[in-house]
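Heads up, here are the entries from Swiss-Prot:
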type	residues	note
COMPBIAS	1-17	compositional bias 'Polar residues'
REGION	1-41	region 'Disordered'
COMPBIAS	27-41	compositional bias 'Basic and acidic residues'
TRANSMEM	59-79	transmembrane segment
TRANSMEM	81-101	transmembrane segment
TRANSMEM	130-150	transmembrane segment
TRANSMEM	153-173	transmembrane segment
TRANSMEM	196-216	transmembrane segment
TRANSMEM	250-270	transmembrane segment
TRANSMEM	271-291	transmembrane segment
TRANSMEM	311-331	transmembrane segment
Amino acid sequence: MPFSISKDTVSNQTTHVATAPASQRPDPVETKVEQEQGRPRLSSRDVVHAYVALTKPRIIELLLVTTLPVMFLASHGVPKLGLVIATMVGGLFAAASANVFNCVIDVDIDQKMRRTRRRPLPRHQVPRRSALIYGIILWIIATIILGFGANWLSAALALIANLFYVFVYSMLLKRRTWQNTIWGGIAGCFPPLIGWTAVTGSVGWEPLVLFFIVFWWTPPHTWALSFRYREDYEAAGVPMLPVVRDAPEVAIQILIYTVMTVAISLVLWPVAHMGWIYVVVAVVSGAVFIVEAAQLLRRANAGLRDALLKPMGLFHWSNTYLSLLFLAIAVDPLIHL
């Protein structure tokens, strides 16, 4: 549902601030931040921090986790250091550019959500036009680094991922359908392909299996977080699954996608001839992942909601699961050198 603030409300709030005791008045910098006109004066350090924040570093970390290990798998050992640096740095800039574009597109949504309203654009720390130019520059740098440092197939895949994330997910799906997570998440499945093609120059069955592991992993990961911030998404008018469906139905979907994630992770065993380290990690961490999803469903069926539903336990384990799985993908080839 749309969220708006009337002019009368703003006027009343302004009057209240003017008459309030000095100790109760808001920070004048914060007041300026939330005004449409006039941006807060920032130090050079604050400006740098704002531009870094636009790239969403935590998301980038997770994307790179699914890139580097695949290079070890594709190399059947340790990949060349120069190639690793070019691929990782190029991938970092590519992911950063996509995230900046997303911030530019979603600034109206971010203003309405408690979780995101302190990002640089809602706080007017960075002009929207400057952020757009910044995103373009990052994309150009990413293309040059990947193209010349790895190969142009990897650069092309990064471009496709960015275009999909910006135009298909951010502009087309996110505001229109609860399936935004399912199909929009495809953009996040490209890092394994990029890591593999950087080494081999071609796409094989192994990276395709990894692509689908991330594809099935993304919905339970995202929906668990959406449970936690359901009211935020509802206020911003974003139709995430926990907003438009009851908790038990969402929990069932999470369990289904979790089981599929673990099942497909085991397909990599015969396809890539993985050893016992990968198999053990995939089975054990996958079992815990499924148990976490099943417990979420049990709590949802018991009528527990909000904090009592404890969705963040699943969210945090989903991150741990993916990290452990891809760590095993990197380590396993080293054992068989």
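Glycine is treated like the rest: Cβ placed from N, Cα and C.
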Considering only Cβ pairs within less than 8 angstroms, which of the stretches 81-101, 250-270, 271-291, 311-331 has the most against the transmembrane segment (153-173)?
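Counting Cβ pairs under 8 Å, the winner is 81-101.
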Six or more residues beyond either end and a Cβ under 8 Å away: which residues meet both conditions relative to the transmembrane segment (250-270)?
206, 209-210, 212-213, 216-217, 219-220, 223-224, 227, 241-242, 278-279, 282-283, 286-287, 289-290, 292-294, 296-297, 299-301, 314, 325, 329
Report, as numbers and ranges, every residue of the chain located at least six residues beyond the transmembrane segment (59-79) whose Cβ falls under 8 Å of a Cβ in that stretch; write 'none' if there are none.
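Same-chain contacts beyond the ends: 87-88, 91-92, 95-96, 99, 188, 191-192, 194-196, 198-200, 206-207, 210, 214, 272, 319, 322-323, 326-327, 329-334, 336-337.
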